[in-house]
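Annotated Cu(2+) A binding site per Swiss-Prot: H103, H104, H168, in sequence order. Taken from Swiss-Prot, the feature Cu(2+) B binding site applies to H238, H240, M310. For N658, N739, the entry in Swiss-Prot reads N-linked glycosylation site. The feature region 'Peptidylglycine alpha-hydroxylating monooxygenase' is assigned by Swiss-Prot to 1-390, with similarity to another entry given as support. Residues annotated as region 'Disordered' in Swiss-Prot: 362-385, 728-764, 778-812, 896-935. If you look up Swiss-Prot, you'll see 391-712 marked as region 'Peptidyl-alpha-hydroxyglycine alpha-amidating lyase', on the strength of similarity to another entry. Summarising the annotation, Swiss-Prot assigns repeat 'NHL 1' to 463-504. Taken from Swiss-Prot, the feature transmembrane segment applies to 826-846, supported by sequence analysis.
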Amino acid sequence: MASLSSSFLVLFLLFQNSCYCFRSPLSVFKRYEESTRSLSNDCLGTTRPVMSPGSSDYTLDIRMPGVTPTESDTYLCKSYRLPVDDEAYVVDFRPHANMDTAHHMLLFGCNIPSSTDDYWDCSAGTCMDKSSIMYAWAKNAPPTKLPEGVGFRVGGKSGSRYFVLQVHYGNVKAFQDKHKDCTGVTVRVTPEKQPQIAGIYLSMSVDTVIPPGEEAVNSDIACLYNRPTIHPFAYRVHTHQLGQVVSGFRVRHGKWSLIGRQSPQLPQAFYPVEHPVEISPGDIIATRCLFTGKGRTSATYIGGTSNDEMCNLYIMYYMDAAHATSYMTCVQTGEPKLFQNIPEIANVPIPVSPDMMMMMGHGHHHTEAEPEKNTGLQQPKREEEEVLDQDVHLEEDTDWPGVNLKVGQVSGLALDPKNNLAIFHRGDHVWDENSFDRNFVYQQRGIGPIQESTILVVDPSSSKVLKSTGKNLFFLPHGLTIDRDGNYWVTDVALHQVFKLGAGKETPLLVLGRAFQPGSDRKHFCQPTDVAVDPITGNFFVADGYCNSRIMQFSPNGMFIMQWGEETSSNVPRPGQFRIPHSLTMVPDQGQLCVADRENGRIQCFHAETGNFVKQIKHQEFGREVFAVSYAPGGVLYAVNGKPYYGYSAPVQGFMLNFSNGDILDTFIPARKNFDMPHDIAAADDGTVYVGDAHANAVWKFSPSKAEHRSVKKAGIEVEEITETEIFETHIRSRPKTNESVEKQTQEKQQKQKNSAGVSTQEKQNVVQEINAGVPTQEKQNVVQESSAGVPTQEKQSVVQESSAGVSTQEKQSVVQESSAGVSFVLIITLLIIPIAVLIAIAIFIRWRKVRMYGGDIDHKSESSSVGILGKLRGKGSGGLNLGTFFATHKGYSRKGFDRLSTEGSDQEKDDDDGSDSEEEYSAPPIPPAPVSSS
């Protein structure tokens, strides 16, 4: 027995060693083998902040940590955390770059870098959250200088906590000597508050299509500006190969003033604005990108690869610190009528000499002498530039304690100018079937108004209540809106009134409607639901409401201007008809007002000034109801629907929508609790979304993150991100039962090899999720490009369940690239044979010893001579080796595992636990009661 134990110990060590020698195929996907590095000795500088003598300012060296790119057109990223958490300001940039090695570099600000590695391939992204460019350097381009008293805000509650440096290495020949590169930038940071805050205004196209062969194609973007005045002082343009010139203008009273104009084929750094121009509320920021389709044989779309195109204009500005915004976007296609008057200079390409193109060596530009190679086989590289991110997914912030706030029915949400969250709730009052009579008159006046504060302003991070108001004012609160001055606009469906409350004031500044008196004239409302305020004109709009089905517009002091809308008269509602206009949101850069037409299950948008219908957004996923809608800068609408009626299967969830075309970009649900009646939604500029529920009495916070199966761009191939550990499962229950099944599988494999026409390919079979974002999509896959027989081949396949001739088979496989680093098939077979050989040798030895000691009579004591050694191994002899008995003598051993594997029908068997939820999943839902049009 001691000898047997020693043998098993040796086998264990052999298998353990073989496991250590096995190189996981997942290592192919790791960005870099070295997770941490320090600055190379060849690099000058320090990773620590350097204090300025006699000043509280300090400098940070943000550099590559001694890298040696091995491929041309490599993009590498490096993150640096701000050394302090308090608010600070970046006031100067000093580049450290050699034009012979680095093509260009960009410095981003964000809060969540895409990687925690010391540096990484930027094709995996720069940041997980929203990022903005602070600085850009390109060879032969002038440096960016911030004006005196201007700084980028970092740290604190609203600023970026991380810097992410991106360096594009153009020609790898510069690294033939294997030197280490430390390209980067030194930033000077001060804790002193700056009177002017710098920011970036991004104007970009999301839907341009460039037909093949067209000589000139225009991409026009224009947005109405409605924020406080900004002062542009630098600009940067960006397109890919087809861009000829990008021009940006301010349009004021029909007059076009140039902000900046440049060829995107020249170094793409920030260039100074030549003629100072300010942009004020009411101005239009207009951008035109001039493209050519010459040389293309198919249409070109907006996208992130070099074979796609982009139309981006970055305007670096400064504005007064009191109401500064560090990042703004415009993605709206310009009206053709507006661009009829664009200056002709926007249609004239800026010539770029061939010498300049050669000198730039940009990976996206190809001259006639150097055409694109292998375009049919190679995936296009991606570049880190701003494009409408349609891979972002909203997930509940499960660490946010606000979901546990003790509130009543949550009817309204809004964000104040400081991005604090305001919650409008009903305290101990409840809207039910006894609240109103058939004439919409409130029946519970006797209980008095809500005695607690109905408006709570909470910190968006900690959910700490910062202030509260609204005691003894309201009976059944409904909608809440906060204007740019911090005033609260609320509605009360019991009072049939609209209120304007000043920040910090208990007495209303303005009251419209007659208390407890429903009506349909200009001085009455009937259960008004929501208010929206135009940030430019100050005019406000009232959704009225549950019983009037109209939108009313008033001047800032409450004078009636106009109204539109009528009750839906058929099963197919026409534009401008409503069945409970329940929620309003302004789209200020388009001058539009969007309405959640609740019981018609759609969103309608109108020109705010005229009330003319523009468009509707309606999807089957909405179901029968859309409760609330909210617009966020950047062209995104957020909405929530209601519980499905009987016969409808649409789940209760939130939606992220592309405002331009109405497409659904994402859906989201809570991780804690469940949506019951999500009643209102509020979206912040950074993509954070809050949802309030009138039945669950809760508020959820959702934060943007990459989708669970997010696309990770690696080495020119888009793959699904894989976790470090993957379980390789062997389904013994699914194995073929007969030799006939094995023969069928062998024939199928041989047939596949014949079809491959000499190209050896491994099937990649991890689940693939294809994302269609309105631009040419690339299949996201857990596939690594293989080269076999000299021909690179990719197979993009989803996992399928193979069934053949009565055999149920499910193969769950992870691709292992066959290489010298892996374990060969021969070695595996050898390791499997060794223990069998050892056991046979042990049995022979035991047999030999017994024969020597007791003689040949032992063969007849317990078995026939025909059984032989195999009989001993099966445990038929008292002196033989019984494997079951041997293992069963060990502590903790159970035979259940062996018994289960030996069951013939195991692939049809099912544990009791496996089906515990089956009845609940597949049973028909009960018929719900008729919905009550309340809340």
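Glycine residues also receive a Cβ, built from the backbone N, Cα and C atoms like all the rest.
Counting residues 6+ beyond its ends, the repeat 'NHL 1' (463-504) has Cβ neighbours under 8 Å at 400-402, 405, 411-417, 420-422, 424-426, 429, 431, 435, 440, 442, 444-445, 448-457, 510-519, 524-533, 535, 538, 540, 542-543, 545-546, 583-584, 680 in the same chain.
H104 (Cu(2+) A binding site) sits 15 Å from H240 (Cu(2+) B binding site), counting Cα to Cα. The Cβ neighbour count for M310 (Cu(2+) B binding site), using a 10 Å radius over every protein chain in view, is 27. Across the repeat 'NHL 1' (463-504), the DSSP tally of helix, strand and coil residues reads 0 helix, 21 strand, 21 coil. Using a 10 Å radius centred on the Cβ of H103 (Cu(2+) A binding site) and all shown protein chains, the other Cβ atoms total 24.
Here the CA atom of H238 (Cu(2+) B binding site) lies 15 Å from the CA atom of H103 (Cu(2+) A binding site). Per-residue confidence over the region 'Peptidylglycine alpha-hydroxylating monooxygenase' (1-390) averages 79 (mean pLDDT, predicted model).
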